[in-house]
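S.K.: Reproduced below are the annotations present in Swiss-Prot:
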MOD_RES   ARG12  omega-N-methylarginine
MOD_RES   SER13  phosphoserine
MOD_RES   SER15  phosphoserine
MOD_RES   SER27  phosphoserine
REGION    72-207  region 'Interaction with TGFB1I1'
DOMAIN    78-186  domain 'sHSP'
MOD_RES   SER80  phosphoserine
MOD_RES   SER84  phosphoserine
MOD_RES   SER85  phosphoserine
MOD_RES   SER88  phosphoserine
MOD_RES   SER100  phosphoserine
MOD_RES   LYS125  N6-acetyllysine
REGION    151-181  region 'Disordered'
COMPBIAS  153-163  compositional bias 'Polar residues'
MOD_RES   THR176  phosphothreonine
MOD_RES   SER178  phosphoserine
Amino acid sequence: MTERRVPFSLLRSPSWDPFRDWYPAHSRLFDQAFGLPRLPEEWSQWLSHSGWPGYVRPLPPPAIEGPAAVAAPAYSRLLSRQLSSGVSEIQQTADRWRVSLDVNHFAPEELTVKTKDGVVEITGKHEERQDEHGFISRCFTRKYTLPPGVDPTQVSSSLSPEGTLSVEAPLPKPATQSAEITIPVTFEARAQLGGTEAGKSEKPGTK
C-alpha cells in the first residue's frame with residue numbers, strides 16, 4: 001500500500017505563540033514522555049528509591065530557601081501531570097473513528113500526519129535550538145492502527161487553538177442484508193401439458 005501524507009487544517013487563534021511552550025511551567029506534553037527536558041538528577045534518583053514499581057511518595061518540602069525552593073512547586077506540578085492520565089485519546093462511534101493528541105509543544109510546520117499499510121503515523125520534530133541551558137531538540141512518533149475497512153484516503157486531521165491534533169476517518173457502513181423475496185409457483189393444467197406433448201411428437205407430413 002502506498003504511503004499518503006494527510007494534510008491538516010489549522011484552527012490556531014491569531015494570538016498563538018509557537019515559542020510560549022518552551023517554558024516548563026506551561027507544559028502539556030510532560031505526561032506523554034516526549035517533548036520536555038528531563039527532571040533534575042536528584043529527583044530521578046529520589047523517585048527510584050521506592051519499595052515497589054509504580055509507587056510514588058509525596059513530594060518532600062524544600063530543605064533550603066532560594067531558587068531551588070522556588071522551582072520545586074513547578075517540578076511538583078509537572079510530575080503530577082506526568083502521573084495523571086495521558087492526553088492521547090482514541091474515540092470510536094458507530095460511524096466515525098478519531099484520535100486526539102496533545103502536540104502543544106510543536107508548531108504546525110513541525111508536524112506530519114501520514115497513513116501507510118493501515119496505520120496512521122504522527123510525527124513531530126523540533127530542530128536543535130539553543131536556550132539559556134544549552135542545546136535542545138525534541139521529537140516524537142505515534143502510530144495508530146486504523147479499524148478494518150477504513151479507507152486511508154478518507155483520513156483527515158485538524159489542529160485546534162489549544163494545540164490538540166485530531167485525526168479522524170469515517171467507518172465503513174455495515175453491509176446491507178438483502179431483503180427476502182418469496183417467488184410464487186405457477187401450476188399448469190394437465191390438458192395443456194398433454195396437448196403440448198402431443199403436438200411435439202407429431203411430425204409434419206406424416207399420417
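A Cβ is built for glycine as well, from the same backbone N, Cα and C atoms used for every other residue.
Bear in mind that the values here come from a model prediction, so they are computed numbers and not experimental data.
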S.K.: Can you tell me which modified residues out of SER100, LYS125, THR176, SER178 are within 10 A of SER88 (phosphoserine) by Cα, answering none if there aren't any?
M.R.: SER100
S.K.: Could you check what DSSP calls SER178 (phosphoserine) once collapsed to helix, strand or coil?
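M.R.: Assignment for SER178 (phosphoserine) reads coil.
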S.K.: Within the domain 'sHSP' (78-186), count helix residues (DSSP H, G, I), strand residues (E, B) and coil residues, in that order.
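M.R.: Here the numbers are 12 helix, 53 strand, 44 coil.
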S.K.: Rounded to the nearest angstrom, how far is the Cα of SER100 (phosphoserine) from the Cα of the residue listed as 'phosphothreonine'?
M.R.: 31
S.K.: Return the residues near SER100 (phosphoserine) by Cβ distance under 8 Å, restricted to its own chain and a separation of at least 6 in sequence.
M.R.: VAL87, SER88, GLU89, GLN91, THR164, LEU165, SER166
S.K.: Return the residue, from the listed modified residues SER88, SER178, with the maximum count of other C-beta atoms within 10 angstroms of its C-beta.
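M.R.: Counting Cβ neighbours within 10 Å, the top one is SER88.
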